[in-house]
């Protein structure tokens, strides 16, 4: 429904002011902070997307996904029997089989997510994108993180004109290729030019069937920012009001500290409500965040920060 798209107006100064206010929110302390941090852990997509990924570092990451916080720390908080794991493990398609087999051998039902569709640039033909998605699903990925062609947004190709591909159709075909797998659509917001384009791309992605909309690949110069998060969440809220369908949100890229994770959780609670604070509707894309969260929980339990050898590599 292009009526939604043509009428979009975003007030950038007001969004920036709101984002500044968010950063000044007083953080939670003590047991409340520990509870928020454990909630953040259950929403993490633990990620490795490096050119030097090997089966061994994927195996290690999968073990960390199943045991994200040291067992004795969880026992001290009486949380050892609550089944706390990360939400998913995210890898390149070539490493999906390694992750699936490792998690299966560990008796763990954590889903494996795979980036696809020309990640991270999106500069590959649609046929290649669809083939990559189908292969990742065939290898066992239960979630697919696709990335859009930024050029379709920057040139305003929202609907099909003659033989030209449009953003809606690209995402719709990717959704079809995913089959039963959940699809997260990466908007690469740092390369879309304006907050209005971020809102429009969010709406188109949801109309085309995305289960989640995601801020970034983590490879752009600018990744997940609070102003972008506000705009995307407002789009999710509007879409929910109009259709009754709840679409998930995933900030990714540059989220490295426990404090930042709590800020994102609080923002989701304020903008979308408590019902979005679960792995089915909120994810944090991160590779190093879990390490800092575990440090903060270690401090909460023991009263001092851990030495280098006290915690396993995240």
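Any Cβ shown, glycine's included, is placed from N, Cα and C.
Taken from TrEMBL, the feature active site, schiff-base intermediate with acetaldehyde covers 214. Among the features that TrEMBL reports, active site, proton donor/acceptor is placed at 250.
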Checklist line | Cβ-Cβ distance under 8 Å to residue 214 (active site, schiff-base intermediate with acetaldehyde), same chain, at least six residues away | finding: 145, 184, 185, 186, 187, 249, 250, 251, 252, 283, 285
Item checked: Neighbouring C-beta atoms (10 Å sphere around the C-beta of the residue listed as 'active site, proton donor/acceptor') -> 25
